[in-house]
């Protein structure tokens with residue numbers, strides 16, 4: 001959530017920065033915001049006047065009583081002022097609620113230096129690593145490579161519908177090995193603390209990280225059974241960023257606790273609303289997929305460097321898996337709702353002859369912290385909002401796709417990256 005004082009000081013500038021994200025979408029009803037602010041100021045001014053008048057009358061009552069004179073008229077006026085103050089307080093509460101709703105619908109402001117553009121075509125490539133392997137045969141995609149190894153979309157569809165998969169045998173083992181390998185890299189080499197988190201969370205948790213209220217259509221939700229008064233709607237997480245980041249909600253942290261670095265492997269559930277017709281074949285876009293997530297909680301001074309480090313932590317996994325990739329800076333129109341700056345890592349897929357996203361690393365600055373009310377105490381004893389960062393380290397299913405396609409041989413076998421072999425009992429190749 002944005003700082004409302006920023007809008008009060010420079011509404012025109014904030015609106016201009018918001019419009020760079022996906023113009024001409026009107027993120028803020030400026031007319032409504034301005035009207036609410038004007039009414040709020042008028043009520044606050046009137047409240048101060050009434051309070052001053054009440055204080056003056058209270059003194060008069062004391063003086064009248066000391067003289068033995070009648071106080072009924074003055075006390076009646078004080079009572080009327082009390083009614084007016086109560087009505088003002090109630091109206092201010094309504095106004096604040098409406099202002100809060102407007103703020104909750106606003107995305108984060110892009111950092112200075114983020115490329116301005118409407119969509120992915122304006123993203124900027126930063127660097128590449130690795131050379132795509134030259135194949136002397138026509139590459140197969142992961143669907144054809146995975147079928148004899150236990151990658152089964154038919155059973156997934158039979159059980160749950162489109163965009164679900166069923167893994168068995170060698171490919172299921174590879175999937176598990178990848179997740180364990182990623183966790184080990186992040187915990188043993190980069191200092192993250194491994195966590196196991198709930199996959200079902202409450203509404204306020206999703207509001208804290210910014211998925212709600214704007215993106216409810218992208219979520220899966222469940223209703224807990226029981227009596228009517230016990231029935232509760234909760235949500236399946238779309239990423240463990242949600243639970244990891246909210247683990248510090250409504251806390252004041254000590255400065256020496258920061259940065260906090262957390263990681264978790266979890267399934268992720270997404271309805272993929274608006275993705276009809278996109279990536280309908282294979283594992284690239286699923287309703288349920290696994291991901292190893294990285295989260296950092298930092299001070300404002302630490303967050304820019306933390307983002308660069310986090311990108312490096314995701315890159316390390318790809319490099320150890322010997323997978324060619326590139327790093328992209330997302331433009332203003334392609335960034336996620338809560339991000340101030342985002343890097344995407346895209347892995348090379350031979351069958352598609354292109355790079356596809358496998359990790360997204362973002363600095364959300366104080367945007368989520370303000371929603372979660374998470375602060376830290378400075379050396380001067382002042383409470384300041386933390387900064388939050390999140391990144392994929394990596395998407396497990398897409399890593400499996402990349403290992404299958406980049407490791408394929410003419411006979412259909414898959415060469416396992418050397419770093420992954422200890423997690424597969426020393427196995428060097430997957431063979432049907």
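Glycine residues also receive a Cβ, built from the backbone N, Cα and C atoms like all the rest.
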Record-annotated L-serine site (Swiss-Prot): member among 88, 97, 392, 413 besides 239, 240, 241, 293: 392
CB contacts for residue 270 (ATP binding site) [other CB atoms within 10 A, all chains]: 20
Long-range Cβ environment of residue 359 (ATP binding site), under 8 Å and at least 6 residues apart: 314, 318, 344, 345, 391, 392, 393, 394, 395
ATP site span - longest C-alpha distance across 270, 271, 272, 357, 358, 359, 360, in Å: 19
Max pairwise CA distance, angstrom, over record-listed L-serine binders 239, 240, 241, 293, 392: 10
Those binding-site residues, out of 271, 272, 357, 358, 360, that come within 10 angstroms of residue 239 (L-serine binding site) at the Cα: none
DSSP state at residue 359 (ATP binding site), helix/strand/coil: strand
Alpha-carbon distance [residue 360 (ATP binding site); residue 293 (L-serine binding site)] in Å: 10
